[in-house]
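The block underneath contains the structure these notes are about, expressed in structure tokens.
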Amino acid sequence: MRGEDLLRDSGLRATSIRVRVLEAVVDASGALAQAEILDRVQEQGDADRVSVYRALDALVERHLVVRTSGPDRSYRYCSGDAGACAHSHFYCSRCGAMRCLPPGAFTLDSDLLPEDSVVDRIEMRVEGLCGDCRMKKTHE
Ligand SMILES: [Zn+2]
Ligand SMILES: [Zn+2]
């Protein structure tokens, strides 16, 4: 099982709740809010909220899951293997969907950074309308 292998490689014990949380995030087409992850995990069987959120925190700590800030001060979560460093997102301001962009979507000119600084993480959010919402808008 994919989720179990990822967990084992990270040194985290592969409890069933962690596997289910990780797989919900990996299988998603974009970055999910906490409540969406909870819904998906609960669809697979019983899981209490606290355990799900605690498992999510553990996965973020091990970089299996990337936490990024959403537009509404809530966090969104997506798979760590989408490229942890230059990982940016497209956010649809109408339906709230948040898609992961490939690492090459933006490049950073390191010559423009403050002298002697080092980058751990880049967080960038592009906002607009997704294709579905654009189509709907033109038909209204
Ligand atoms: Zn949309
Ligand atoms: Zn992402």
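Cβ coordinates are placed from backbone N, Cα and C, and glycine is handled just like the others.
Unlike curated records, TrEMBL annotations are generated automatically.
Per TrEMBL, the features are:
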BINDING   Cys92, Cys95, Cys130, Cys133  Zn(2+) binding site
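Taken residue by residue with DSSP, Cys92 (Zn(2+) binding site) is part of a strand. Each of Ser93, Arg94, Gly96, Ala97, Leu129, Gly131, Asp132, Arg134 belongs to the same chain as Cys92, Cys95, Cys130, Cys133, is absent from that list, and has a C-beta within 8 angstroms of the C-beta centroid marking the Zn(2+) site.
Fewest other C-beta atoms within 10 Å: among the binding-site residues Cys92, Cys95, Cys130, Cys133, that description fits Cys95.
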